[in-house]
């Protein structure tokens, strides 16, 4: 650009398209490797669907509020709920030191 006022001639308009390499350099893995990836577990069963659950309960000794985050299946979290509603209790770190 020359001067204070820009004109169309100041811009380069004679751009040429560049050649682009369209060759794909991706390497595919063997079909035997793919089969190994699809097998989950020793019996070839798929892993169960798990989720994170936040549990708020109280210490069975001092009644302090305890917060836990666990990863479990829906069925197993129901089993834990049954345990917590029964005689199963969780002890806070302070009470575990005193025991």
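Backbone N, Cα and C define each Cβ position, glycine as well.
The zinc finger annotation in Swiss-Prot falls on one of the ranges 22-58, 59-95, namely 59-95.
Per-residue pLDDT, averaged over the motif 'Nuclear export signal' (77-85), rounds to 92.
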